[in-house]
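Peer 1: Per TrEMBL, the features are:
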type	residues	note
ACT_SITE	HIS79	active site
ACT_SITE	ASN152	active site
COMPBIAS	17-27	compositional bias 'Basic and acidic residues'
DOMAIN	32-420	domain 'Catalase core'
REGION	1-40	region 'Disordered'
Amino acid sequence: MSKKKTPPAAPNSAKNEALEPYRKDPTDQPLTTNMGLKVNDTNNSLKSGIRGGTLLEDFLLREKINHFDHERIPERIVHARGSAAHGVFELYEAIPEFTKAGIFNDTSRKTPVFVRFSTVAGSKGSPDLARDVRGFAVKFYTEEGVWDLVGNNMPIFFIQDAMKFPDLIHSVKPEPDREIPQAQSAHDTFYDFVSLSPETLHNHIWVMSDRAIPRSFRMMEGFGIHTFRMINAEGVAHFVRFHWKPKLGVHSVTWDEAVKINGADPDFHRRDLWDAIDAGQFPEWELGLQIIPEADEHKFPFDLLDATKLIPEEMVPVKIVGKMTLNRNPDNFFAETEQVAFLPTHLVPGLDFSNDPLLQGRLFSYRDTQLSRLGSVNFEQIPINQSIAAVHNNQRDGHMQMQIPKGKTAYFPNTLGGGCPFLTSIADGAFESFTERIDGHKIRARSESFVDYFSQPALFYRSLNDWEKAHVADAYTFELGKCTYPHVQQRMLFMISQIDEALAKQVADGLGLEVPDSVDPPVNQAIGPDDEVEKMQPREKQVYLEKSDALSQTHLPSNSIATRQIAVLAADGFDADDFGPMRDALEKENAMVKIVAPHGGTIKCTKGHDHEVFAAIMTTESVLFDAVYIPGGQKSVDALLKQAKYKKFVNEAFKHCKAIAADGAAVKLLDATHVGDHKKDDKAVFVDGKPQAFIKAIAQHRNFDRMEVAKMIPV
Ligand code: HDD
């Protein structure tokens, strides 16, 4: 592509260089066996006679097939479907008052990162546009060791205690009898669980919002979710929550688009990330911190250790401290994206955990799961997982040991090995856990400070604007409409009514049900032993904040059209004088201008020039683009009018509230679609307009003022 930039050499060089010895390039190399034997035939097995049986002796055949037979490893139990990229983290300002971590103190550092985005519920081959949470896992290769911040694109989680994680996941995964449905939450077992576990309601309402169907990984926020600790050189700790704020703003597709994208391009998000980086359009996020002094731990109307609660930015502002840029695609999907292992226990000095019981359980799960997924305790020796800090210890052997530890000793203390590897003092940079005072009874229970399930989902819902709210109601109605047990639907309706009565009524109307006044068994049944149930019933929702602006996904300013995909509908004879200025204006803003023509190859404009066709109309769909432009030119427009799919293309773009521009004769195509009746009143439809107005509308992502009209468009 013409706009391709060379990724900056310096920023991620430490990890990049460390990976170099492992890279294998077959260019100009002979095909060999695993042992380096040159091969002259890899198409025919060794036989006893030209039509005879194959010989057991054929080690070339056996090596090839044997390796193939074992090519697959178990997919991740959750977050199986993912895409990743390399990049760099740069600190804006040092924060020694909060942490001694090198990454937060040295502004000259370019810390290499590897980031994997994922869906949660679907299998490795499931479509990208599932309605789901997105994983946002960042591996920082710091000079002091690897730090993994394994978060999601939503600031809270479904459950409060890791003990419930297998139940949550079993309920959302395909039902065990028929293994249906794939990558979808809209089914009975999930809502059976959610309706019985009110702690899930907050994360669940986020999943009902547009956050669950992002336009791009590049347009999502990320959150570390749990309260962590930062510790400074004096040993003073602060609580901290981590936020990633995307420079491109937060944007989503509509549900109708999501469903269609899953068919038209199931790799939509994966392709989008790859293509943007490949084109030199490097996605960026700023890292923000919500920092709370330890002394303020109990000053909030919720518990900081409860991962189902967010800290509104109005209560604790997000302090922006640095920027992450993804600037290099992986060389190999399996070696890097599949084999990368994120562990919340990968931590560096200056950071520590809190007692969040969800986090505490994760500290066990991630190392454990790598053993069945990657097959060996030596998974940290896989190149993508290796630290750039030197590694020496007395851990030994195991499957696939890749290193050759020298010397006589593999124990500590020793004299025979000169006492090596030796210990480091805290002052010289060794890891130290925060010396938290612990005083309590050993107890298997949930803290009563966790039992407020409705206040924050209600705050979230109140903070959305009208179109966001409408999408939430539609999503609940869709999801519950897929449930086949009325008692599950009704229990859910009751739960929603505790968040917002009008919302529950709206959903109930869609389902043809009434909102019940009460539920049996009690709201919070799945909390602990029977004698706990009464005590753990939630209070009615509290309003400690009317609205929190950051909860609406419109809170980040969005004025860029960089990487937006613009479909140009054109055929031979399209008007060069319309197209040229429009293309130049769009490309100046780094949008991707792509001609969708009746056939592949090239088409000619009125000046007789050949223009490369990006896709023949039969190979693409409207949902894969952000905006549509139709240049004039009688001959071109006549050709488009002959193919119904162009009308469908325009109708769909209109239904999905996208910006549409047409020049000259192209207005005839608009008039042959539903746009015709509305084009005068719509602020994102332009006839013979200036490119700048079109660009401004694309930067707004969507014209949701059109939403009611859009509902009437039958495509
Ligand atoms: Fe988890 C993977 C995020 C709770 C157990 N989790 C995984 C990944 C992400 C998250 C992004 C994919 C990492 C990758 O790309 O390889 N998980 C979260 C967040 C949570 C959370 C943000 C709550 C705040 N997870 C959680 C709990 C447990 C797990 C409570 C178990 C007790 N998660 C796992 C796992 C996975 C995993 C089974 C599957 C693959 C892996 O770890 O490496 O161990």
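Using the three backbone atoms N, Cα and C, a Cβ is placed for every residue, glycine included.
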Peer 1: Given ASN152 (active site) and HIS79 (active site), what distance in Å do their CA atoms have, once rounded to a whole number?
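Peer 2: Cα-Cα distance, ASN152 (active site) to HIS79 (active site): 10 Å.
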Peer 1: Taking the Cβ of ASN152 (active site) as the centre, count every other Cβ atom within 10 Å, in any protein chain shown.
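Peer 2: The answer is 25.
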Peer 1: I'd like the number of other C-beta atoms within 10 A of the C-beta of HIS79 (active site), please.
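Peer 2: Cβ-Cβ neighbours of HIS79 (active site) within 10 Å number 23.
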Peer 1: What kind of secondary structure is ASN152 (active site) part of, going by DSSP in three states?
Peer 2: strand
Peer 1: I'm checking region-level scores; what's the whole-number mean pLDDT for the domain 'Catalase core' (32-420)?
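Peer 2: Across the domain 'Catalase core' (32-420), the average pLDDT comes out at 98.
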Peer 1: Can you tell me how the residues of the compositional bias 'Basic and acidic residues' (17-27) break down into helix, strand and coil by DSSP?
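Peer 2: Once the DSSP states are binned, the compositional bias 'Basic and acidic residues' (17-27) shows 6 helix, 0 strand, 5 coil.
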